Amino acid sequence: MDGGSPRPPRRPEREGSYNCDIESMDGSVAGGGPPWRSQNGSAEALLRYDDGGAGDRGSTREPLLRKRTMNTTSQIAIVGANVCPIESLDYEVVENDLFKQDWRSRKKKQIFQYIVLKWSLVLLIGLLTGLVGFFNNLAVENIAGLKLLHTSRLMLKERYFKAFFVYGGCNLVLAASAAAICAYVAPAAAGSGIPEVKAYLNGVDAYSILAPSTLFVKIFGSILGVSAGFVLGKEGPMVHTGACIANLLGQGGSRKYHLTCNWLRYFKNDRDRRDLITCGSAAGVAAAFRAPVGGVLFALEEAASWWRSALLWRTFFTTAVVAVVLRGLIEFCRSGKCGLFGQGGLIMFDLSSTIATYSTPDLIAIIVLGIIGGIFGGLFNFLLDKILRVYSIINERGAPFKILLTITISIVTSMCSYGLPWLAACTPCPADAVEQCPTISRSGNYKNFQCPQGYYNDLASLFFNTNDDAIRNLFSNGTANEFRMSSLFIFFTAIYCLGLVTYGVAVPSGLFIPVILAGATYGRIVGTLLGSISDLDPGLFALLGAASFLGGTMRMTVSVCVILLELTNDLPMLPLVMLVLLISKTIADNFNKGVYDQIVVMKGFPYMEAHAEPYMRHLVAGDVVSGPLITFSGVEKVGNIVHALRITGHNGFPVVDEPPITETPELVGLVTRSHLLVLLNSKNFMKGQVKTSGSFVLRRFGAFDFAKPGSGKGLKIEDLDFTDEEMDMYVDLHPITNTSPYTVVETMSLAKAAILFRELGLRHLLVVPKTPDRPPIVGILTRHDFMPEHIHSLFPNLNPHKYHSASMAG
């Protein structure tokens with residue numbers, strides 16, 4: 001993504017063709033335009049726009065020539081493999097009269113119920129994610145193991161062509177099945193899902209991103225994809241799986257299936273769902289890598305945008321539950337009751353038996369590894385970005401093209417996995433081999449392949465295995481001469497390229513395993529080349545190589561460091577892993593962003609960064625609000641509200657009291673679309689424009705009647721029908737108006753406004769005038785107004801890169 005903003009996803013001509021129906025898009029509600037509304041109830045009057053509206057700020061100086069337009073920032077993004085509309089999440093507490101009444105009436109018993117239920121849900125997230133993680137491992141090991149066993153038996157009989165057709169045919173069927181369910185059932189399940197989860201926790205919602213259908217396809221698509229021999233992992237999809245499980249439990253129940261009760265109503269809001277989904281993403285990492293502490297740190301460092309101490313406790317508890325579940329089930333499988341799965345323990349790649357003694361010369365090798373990891377990582381991200389853009393064009397053509405692309409990559413992968421080992425010469429079995437040589441079973445360090453008795457094929461030991469077994473072979477200690485340099489170079493080139501072309505096909509796929517495989521391979525290469533000056537075992541060099549490549553691609557440090565240590569149980573390597581991660585990340589940061597940050601931008605998610613861009617300090621909040629602004633009176637005509645809801649996709653509307661209700665216009669607050677729809681549906685209308693006490697609303701409704709429903713279950717304006725008489729009546733908006741919305745003065749630095757918006761998790765930020773003799777609101781800022789594309793459209797002469805360079809130089 002280095003060098004400028006990527007092309008946003010194209011807006012589909014027929015939204016329905018993408019099966020992405022959604023309640024409403026988060027329109028770029030903004031200000032500018034006329035900071036006031038016409039009393040005329042017509043749609044045209046409500047949308048009247050005046051180019052000079054936001055410019056009437058008295059002495060407020062505009063620092064740059066402004067091109068005044070509406071916010072045309074893309075309201076769509078690529079979710080999985082499809083283009084879908086997106087909207088923002090409501091993390092802000094809506095402090096209206098209903099909320100205040102509910103808070104005052106809440107008893108200690110209800111507060112206790114809420115706390116107990118939240119911890120119970122966290123416990124369930126850990127249990128279910130642990131079970132799913134175990135089921136994934138069990139299924140992959142048995143399916144892939146049976147495939148490899150059958151192929152190996154045919155090769156022992158020297159029926160090589162039949163063996164290839166069996167091997168490639170099994171891969172093809174598994175790959176096509178994974179692509180079919182992904183393309184037709186849940187396109188949002190394609191890819192790793194980490195960018196989508198990261199965007200969700202930042203406040204961006206999209207259709208089906210965490211739906212039950214996505215969860216189903218994520219689980220079974222990942223099993224089929226990994227079993228098909230693709231160069232991908234199930235670790236990234238497990239993060240998305242954990243988030244989907246958390247979202248399903250946090251939906252607050254289902255009225256449709258009679259699975260709701262009064263207790264579950266507490267979680268019908270985005271704030272609690274955000275906390276649960278954060279726990280789910282941490283549980284996913286813990287289940288994938290059997291790394292509970294690494295899961296907590298991953299959620300903190302990479303996934304979550306908001307963090308607090310209470311959330312730290314809950315994520316730690318969730319990952320601890322996952323670890324207990326996995327340990328118990330793995331111990332059960334050691335008795336041989338789980339088919340081909342059952343070897344090993346909670347530690348996936350145990351290197352604790354390796355004695356890690358290192359000296360000053362070893363640091364030279366570590367620095368070299370870090371530099372290589374940074375260069376290869378930056379190149380990997382650059383090439384992946386180009387490939388994903390090509391794939392997006394193919395995927396837009398429909399499900400058959402997605403399946404065809406997946407089948408093509410499957411054939412290429414099968415040809416490489418089966419064909420390349422034929423390039424390697426047979427190697428005599430070492431006399432001191434700890435394991436059986438040659439390996440006859442489905443896995444092992446010494447694969448027989450086409451070699452005679454007493455010989456093994458080192459390249460087949462890497463290719464003709466599951467990805468986990470290949471990593472285990474690369475990490476194995478005491479095997480300095482097991483792999484030839486030529487075999488390692490071939491394997492690295494193939495894995496690097498296959499990892500690039502595989503990610504992006506319509507199957508659930510993770511990047512961790514391809515990156516670890518490629519990094520471990522060149523780590524062994526460097527360890528072999530520098531063996532004369534280093535005393536470290538080649539298996540430890542493989543570990544450090546994996547760490548360097550992870551740092552160069554993911555740009556995570558603390559979480560990756562702990563995950564690798566939990567994976568290998570090799571605490572003495574901590575200083576070297578830390579050093580190589582820091583070096584590789586520093587080198588790679590000079591080229592581009594981390595792979596997940598890059599994909600978030602490429603998919604078109606309006607992600608709010610933790611820091612403001614330097615050029616934002618040259619702008620003020622009033623500079624970027626764009627029209628038209630639609631406001632409602634405190635007591636508004638039903639027809640005006642209905643027209644506004646029908647002709648816009650806005651989700652927030654300022655409420656302004658006007659004469660005769662007040663002597664002068666004054667800002668009451670903000671009312672949301674969902675609350676307006678609930679109130680309109682009740683048809684509690686008045687014939688005159690008179691402010692009421694709101695007692696009827698308080699008696700008829702509770703705060704939970706306005707709570708956010710589950711995905712796709714809320715009211716829509718199309719569901720409501722009104723008579724002409726009702727359209728001419730009035731409704732009092734005061735009881736449902738958030739009377740304490742966050743506001744900023746129009747002269748506030750845009751950089752400060754962006755930080756405020758992100759840190760508070762806002763959906764709307766009201767911009768008010770600096771002087772009192774003007775209308776009470778200038779406009780509304782949403783996350784789309786902070787996007788570089790929108791700012792550049794307003795200020796074509798603004799050069800963000802110049803300010804960025806100046807900031808870096810300073």
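A Cβ is built for glycine as well, from the same backbone N, Cα and C atoms used for every other residue.
Keep in mind that what you see is a predicted model, and the values were worked out from it rather than measured.
Straight from TrEMBL, the features:
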DOMAIN    624-686  domain 'CBS'
DOMAIN    736-797  domain 'CBS'
REGION    1-41  region 'Disordered'
TRANSMEM  116-139  transmembrane segment
TRANSMEM  160-186  transmembrane segment
TRANSMEM  206-232  transmembrane segment
TRANSMEM  276-300  transmembrane segment
TRANSMEM  306-326  transmembrane segment
TRANSMEM  364-384  transmembrane segment
TRANSMEM  488-506  transmembrane segment
TRANSMEM  512-533  transmembrane segment
TRANSMEM  540-565  transmembrane segment
Quiz item: Do the transmembrane segment (306-326) and the transmembrane segment (488-506) share at least 3 Cβ pairs closer than 8 Å, excluding pairs fewer than 6 residues apart in sequence?
Solution: no
Quiz prompt | Feature contact check the transmembrane segment (206-232) with the transmembrane segment (512-533), CB under 8 Å, 3 or more pairs | solution = yes
Quiz item: Where DSSP helix means H, G or I and strand means E or B, what are the helix, strand and coil counts for the domain 'CBS' (624-686)?
Solution: 21 helix, 19 strand, 23 coil
Practice problem: Please give the average pLDDT for the domain 'CBS' (736-797) in this predicted model. | Solution: 91
Quiz prompt | Same-chain residues at least 6 beyond the ends of the transmembrane segment (276-300) whose Cβ lies under 8 Å from its Cβ atoms | solution = 118, 121-122, 125-126, 129-130, 132-134, 197, 200-201, 210, 233-235, 238-247, 249-250, 267, 307, 311-312, 314-316, 318-323, 326, 346-348, 510, 512, 556, 558-560, 562-563, 566-567
Self-check item: DSSP residue counts for the domain 'CBS' (736-797), split into helix, strand and coil
Solution: 23 helix, 12 strand, 27 coil
Quiz item: Looking only at residues six or more beyond either end of the transmembrane segment (160-186), which have a C-beta under 8 A from one in the stretch?
Solution: 80-81, 143, 147-148, 150-152, 154, 208, 211, 213-214, 216-218, 220-222, 224-225, 227-230, 399, 402-403, 406-407, 409-411, 413-415, 417-418, 450, 505-508
Quiz item: Excluding the flanking five residues on each side, which residues at least 6 beyond the ends of the transmembrane segment (116-139) place their CB within less than 8 Å of a CB in that stretch?
Solution: 219, 222-223, 226-227, 234, 238, 241-242, 245-246, 249-250, 263-264, 266-267, 272, 275-276, 279-280, 283-284, 286-288, 314, 317-326, 329-330, 333, 338-339, 341
